[in-house]
Amino acid sequence: MLLTMMKAKLHRATVTQADLDYEGSIAIDTDLLDAAGILPNEQVDVLNITTGARFTTYAIAAPRGSKVIGVNGAAARLVQKNDTVIVVTYCQMPAEEARNYAPTVVLLEDGNRIKKAA
């Protein structure tokens, strides 16, 4: 049996921009993608802590060091600049492997700076 497990998350990211007219996605600073092990074009869930909204989209790379978390396309209606969000990815694995699996968790602080990564 395969279980769907959390692969990685960016916890308490701050939305820096929302662009309704840009083709869908969430732009994430390449440093943050690397820290979490999230790949460009990987499916992500975005959980808006500020409003409770949840949506699925895909990640694209924003310039390294920019601290950008930018929600694009239709999903931009579900966030506003300065909202706090969690970005989560998942993977599937056998139940036996899942018992000993540890996801990557990147905790962010003000300015989308990495506070802790594990």
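Start at 1 and count along the chain as shown; that gives each residue its number.
Note: Cβ is positioned from N, Cα and C throughout, glycine not excepted.
Secondary structure at SER25 (active site, schiff-base intermediate with substrate), taken from DSSP and collapsed to helix, strand or coil, is strand. Annotation source Swiss-Prot lists active site, schiff-base intermediate with substrate at SER25.
According to Swiss-Prot, the feature active site, proton donor maps to TYR58. The local packing around TYR58 (active site, proton donor), expressed as other Cβ atoms within 10 Å of its Cβ over all shown chains, amounts to 14. According to DSSP, TYR58 (active site, proton donor) sits within a strand segment.
The number of other Cβ atoms within 10 Å of the Cβ belonging to ALA74 (substrate binding site), over all protein chains shown, comes to 11. In the three-state DSSP classification, ALA74 (substrate binding site) falls within a helix. Residues or ranges marked as substrate binding site by Swiss-Prot on the basis of sequence analysis: THR57, GLY73, ALA74, ALA75.
The annotation pyruvic acid (Ser) is assigned in Swiss-Prot to SER25.
In sequence order, the recorded positions near TYR58 (active site, proton donor) (Cα within 10 Å of its Cα) are SER25, drawn from SER25, GLY73, ALA74, ALA75. Largest Cα to Cα distance within the recorded substrate binders THR57, GLY73, ALA74, ALA75: about 10 Å as a whole number.
If you take the Cα of ALA74 (substrate binding site) and the Cα of SER25 (active site, schiff-base intermediate with substrate), they are about 9 angstrom apart, rounded to a whole number. Distance between Cα atoms for ALA75 (substrate binding site) and SER25 (active site, schiff-base intermediate with substrate): 8 Å, as a whole number. A Cβ within 8 Å of the Cβ centre of THR57, GLY73, ALA74, ALA75, the residues given for substrate, is found for these other residues of the same chain: GLY24, SER25, ILE26, PHE55, VAL71, ASN72, ALA76, LEU78.
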